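Scroll down for the structure; my scribbles are underneath it.
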Amino acid sequence: MITLKNISKQFGKLKVLDNVSTSCDKSECIALIGPNGSGKTTLIKSILGMVIPDSGTITFNGKDISNNYQYRDEIGYMPQIGRYPDNMTIGQVLGMMKDIRGKSGELDEDLIKAFSVNNLLNKRMRTLSGGTIQKVSAALAFLFKPSVLILDEPTAGLDPVASELFKEKIIAEKDKGKLVLITSHILSDLDDLVTRIIYMQDGKLVFHKSIEELRKDTGEERLVKSIAQVMVSNYE
Amino acid sequence: MRYFFFIFFCIFYTDASAENIYAGAKRIHKNIRSAIKAAANGDTVFVDAGFYKEKNLSVDKSIVLKGIGYPVLDGERRYEIISVKANDVVVDGFRLIHSGISSLEDLSGIKVYDSQNVVIRNNILEDTFFGIYIQNGLNCTIENNTLKAISIEEQQSGNGIHCWKGDSLRVIGNKISGHRDGIYFEFVKNSVIWRNISKNNLRYGLHFMFSNDDMYVNNVFRNNGSGVSVMYSNRIKMFSNYFEENWGDAAHGILLKEISDGYMEGNYFTKNTSAIYMEGANRIHMKRNVFENNGWALKIQASCMDVVLEYNNFIGNTFDVGTNGSLVLNRFTNNYWDKYEGYDLNKDKIGDIPYRPVSMYSMIVEKYPPAMILFRSFITTLLDKTEKILPSLTPENLKDSAPMMNKAF
Amino acid sequence: MNKIIKYVITDILRNKIVVIYTVFLLAASFSVFSLEDNSSKGRLSLLNIILIVVPLVSIIFSTIYMYNSVEFIELLVSQPLKRRSIWLSLFAGLASSLSIAFFIGAGIPVLIYQANMIGFTMILTGIILSVIFAAIAFLATVKMRDKAKGIGAAIMLWLYFSLLFDGLVLFLLFQFADYPMEKPMIGLSALNPIDLSRILILLQLDVSAMMGYTGAVFKDFFGTSTGLVFSFFVLLSWIVIPVWYSTRKFNTKDL
């Protein structure tokens, strides 16, 4: 679905993406992992068109995404820190997003129901806690039934119950044949979710493997441990 | 008894001998010329409504010339229309059009030559070069005439009411527009200009030179090319005149040049570029005048002395007073200045600190006229405020020591 | 595009600062008109508000709003929207809410007390200045990533346009006093939207003084329809150029 070819990006002298190539297919849940400053967020932003790579091409369903914006109709994005205009109500944010997407019927309101967002529709964004804002962001990402979900540190601010509900939703969506891209520091959260791992360091893509391959290579059953092993070996 | 008889006789005599003569298309006298020829001193010539081309009509007898229903006299753009050359003539109720235009002679609608007691009233003058011209007149009256010229160039246009040499003239209730100068006085004394409206003239609404002991009252001077100019005259009195909308660099509500012992009271100056411009004026007393929405209410050059301003209202002027020097020999007192920001602690309705009507920026603009473009900007406001606290550029003693807290009247 | 505008407007009009700004304008305009016994002093106070307060509030508020909306802008960019329409919608929303705030705060009192050419000119220039300084704020935010720097730049820009520029002009004027400066002054005034607005109001307010010799040169220019069209286009380009340039920058900006 998404193909990256020789993507490089430099911020000043810092090379944040260094010749990254890979591809992601549907019905996968891919975890994007790496230490701080390894280029995960930049990679995601490149896919979303927020960062424009210095070189290389990104194709989405076979189409080059540069100078294109319609492809994002297929993407649901949940940012690391959601911030919405202070004086809008949740209802208005939802309404605005519906306006933007131009889809009114056939919405996926599972998360809205699960997180009871409906009870908060008249609350202003500035009055909400971080966790509630994350719930709104999550609900928005899934609302329009996109075929690709990009989730940046999704479970960071969620309480355990919400976190659990959210994971179930991700799995369900993956099983429906969608592509899910997740970055997270909390590896334990990813354990039963992900099917593939992309590991990045210093702007380079170190590997892109299925979780089975990773287990086989490291001999560790748990994701946390296998990743830790990878990290250690890479530090050396 | 003999005395009484004499008087009776006199009245009877004049009555009996004064005849009425008629001119008109259906009369014996088809034209006015022949009617005048037939008239004797003291007669009245009535002229029927109609259109007359009399070339130059000379009135050399003491008669009353009266138009009925505004007969039209056409000067065919070549002639002076009526020339009055006798005393005690009355010209009443005519419509005079198209006088000749000449650069050598002052061709007029009506011109009075060296005569006394002439009355010119209720006439309409249109497209005349000079309108009504009194040359060396005594005790003449110009009343309720309407003068309208349509010239565009100053050279091609003469003055509306032009008085050259005269004594005891009365110019009352005339409406003058489109001429070079609305009313022109030169060497005229003891005369009065009352209730005239002089507007849209090319140069001055009133032009006044070498004329002493005159008075003007209740006139309106509006939107004339250069306002009103009063020069080289003594003992002039002005009451309740309106000076309005005289716009342009050289335009003043009134220009006072080399004037002495004048008195001005109750005049209104509204929307002039500078309401009063004074140069070489001495001993002028100005009281209870209103200056409203002018560019400069008063431009007083350093050559003026002993000018007294009291109980005037200054409202909404861009600059209250402008001057070109630091020497001040004039006195401002008890005026109301709307820009005054002082206080009145003892509640006597007189401000406790003096008002300085010359702002720093008006001095700057005087020196560097293009600086006007920065007027009312933040920086110039700051400059003005600093100057108010620490005067350096503005004349130290140009001030009103007793400014009124409320309007002076 | 107008999908976003209406939400941005409803958001900003509820903003505390904008509400305070509107109330301040309302209070100030009503008090200057009703306290002063002659309206010309009221007009002058209002002129200062329009030339100083409006640009200041407009540029600072817009800058802060834009920096606070960074994440929101990111979210919008991740949606199927053109970047250009996101940027322009934000600008349109911000500019129109500031204009609405100005119109309610100052425009309505002016219409009540001064429903004449002077009043209309004041309202119009106030609105135009609100929009222009929002546009300049957009330029500042797109150029500076750092919030503190951006706000600092906005304050400097305001200071420049409302004070330093005029000081510079005055200095030039004194230096070149021997030369005919009327035409260059007209050109210079075009380089500062505040000056241009001020002159447009001045031509209504101090028409008598502006009709003097030099003034007449300005009046002949700004007072004629050519001059008005010129002024209008210059003011318009003070909106269009910053918006166009910042849109271009935003199109390729990494968020």
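Note: Cβ is positioned from N, Cα and C throughout, glycine not excepted.
Keep in mind that TrEMBL annotations are predicted by a computer and have not been checked by a curator.
What TrEMBL lists as transmembrane segment is C:12-33 (among others). Sequence-distant contacts of the transmembrane segment (C:12-33), counting only residues of its own chain at least 6 positions beyond either end whose CB sits under 8 Å from a CB of the stretch, comprise 39, 41-42, 45-46, 49, 53, 57, 61, 65, 93-94, 97-98, 100-102, 104-106, 108-110, 112-114.
With a threshold of 8 Å between CB atoms, the same-chain residues lying at least 6 positions outside the transmembrane segment (C:45-67) that come near it are 12, 15, 17-18, 21, 24-25, 28-29, 32-33, 36, 90, 94, 98, 102, 106, 110, 122, 125-126, 129-130, 132-134, 136-138, 140-141, 147, 150-151, 153-155, 157-158, 161-162, 194, 197-198, 201, 205. Residues or ranges marked as transmembrane segment by TrEMBL: C:45-67 (among others).
Remote same-chain residues near the transmembrane segment (C:87-112) are listed as 1-9, 11-13, 18, 21-26, 28-30, 33, 46, 49-50, 54, 57-58, 61-62, 65-66, 69, 73, 119, 122-123, 126-127, 130-131, 134-135, 138, 243, 246-247, 250-251 (criterion: CB distance under 8 Å, separation of at least six residues from the stretch ends). The annotation transmembrane segment is assigned in TrEMBL to C:87-112 (among others).
Residues or ranges marked as transmembrane segment by TrEMBL: C:118-142 (among others).
The transmembrane segment annotation in TrEMBL covers C:154-176 (among others).
Sequence annotations record features per position, and here TrEMBL assigns transmembrane segment to C:228-245 (among others). Non-local neighbours of the transmembrane segment (C:228-245) in the same chain are 88, 91, 128, 131-132, 135-136, 138-139, 190, 193, 196-197, 199-200, 221-222; each lies 6+ residues outside the stretch with a CB under 8 Å from one of its CB atoms.
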Same-chain residues near the transmembrane segment (C:118-142), Cβ under 8 Å, at least 6 residues beyond its ends: 43, 46-47, 50-51, 54-55, 58-63, 66-67, 87, 91, 94-95, 98-99, 101-103, 106-107, 110-111, 150, 153-154, 157-158, 193-194, 197, 200-201, 204-205, 235, 238-239, 242-243, 245-246, 249-250, 253
